[in-house]
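Annotated features, as they stand in TrEMBL:
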type	residues	note
BINDING	SER114, GLY115, SER116, LEU117, GLU135, ASP163, ASP181	S-adenosyl-L-methionine binding site
COMPBIAS	257-278	compositional bias 'Polar residues'
REGION	256-278	region 'Disordered'
Amino acid sequence: MSFIEYGDTIKDGDTAIVFLGHESMFPVKVQHGTVTQTKYGVIRHSTDLIGKKYGSKVTCSKGGWVFILHPTPELWTMNLPHRTQILYSTDISIITMMLELKPGSIVCESGTGSGSLSHALIRTVAPTGHLYTVEFHQQRAEKAREEFREHGVDHLVTVTNQDVCKNGFGVSNIADAVFLDIPSPWEAIGHAKSALKTEGGRICSFSPCIEQVQRTCLAMEEYGFTEINTLEILLRVYNVRTISLQIPDLGKAAEDNSGTGFDSSNPSNQGSPGANLQQGTVQFKSGVPLREMVGHTGYLTFATKSLV
């Protein structure tokens, strides 16, 4: 099992996603002799999972059923164990695009955190690229190494436990892009510039507070970065519903119907436009925004390393 290559069959040691519904799923490590409890009953790994195909519908002990899905970076973001605050797909998508990442790209990242963005970056730069990720907290760094190994992507990522603001990324002049998600990104701008290729590259800094953005932008200008701009991404979700609205009484239709002897009670007239007007409502599909939406997550500041 690998997060960058799809496998058909569930194997011992795989990480799989147990899908109970769109709002209910969780990851599970498949192991011989292990059982997993769900609200629909027990899933026995040896008989219910191992050897089955990903996407299979599995019946639990109480008669309910679940789907077993192959993990992807998107599903992992929704289900990973939170060791820190994480980035979600809305911000990750714009980061990947604005940093101009592609297969073969070299990326430096700090901090690793829970690995949400890291998995997406690895999938983007595979199979010939590489991610150098720096995490200040030792236990989080060790856990990240363990997860990358279990997910079959450890050959594409190097995890370093150090302070990026003092010691940098441990590499020089090789990165196509740098991403910073740390409390004081302005202190790491110099190290980021050193990590980027001499022919240039892109940098992104994620900060929740505008004061952090201001200091980061000043540091970018000081180190000669150009094309500095800051974005905030807000996702607004719409539900498609059937809406009923009253037809306005403009008078003319009623006069026309009375003049022609229109009878709405006659079954032969039920499908005519006059019948709809007499009923006074019309139904149609419409997009309705949710009453609540995710608000501010953070500011994304992008810049380009100058060749001058």
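Note that Cβ sites are derived from N, Cα and C of the backbone, with glycine treated the same way.
By the criterion of other Cβ atoms within 10 Å of the residue's own Cβ, the least surrounded of the binding-site residues SER114, GLY115, GLU135, ASP163, ASP181 is ASP163.
Put simply, the two farthest-apart Cα atoms among SER114, GLY115, SER116, LEU117, GLU135, ASP163, ASP181, the recorded binders of S-adenosyl-L-methionine, are 20 Å from each other. Cβ neighbour count for LEU117 (S-adenosyl-L-methionine binding site): 26 (other Cβ atoms within 10 Å of its Cβ, all protein chains included). Within its own chain, SER116 (S-adenosyl-L-methionine binding site) has PRO73, TRP76, THR77, LEU80, ILE86, LEU87, TYR88, ILE92 as residues 6 or more apart in sequence whose C-beta sits under 8 angstroms from its own.
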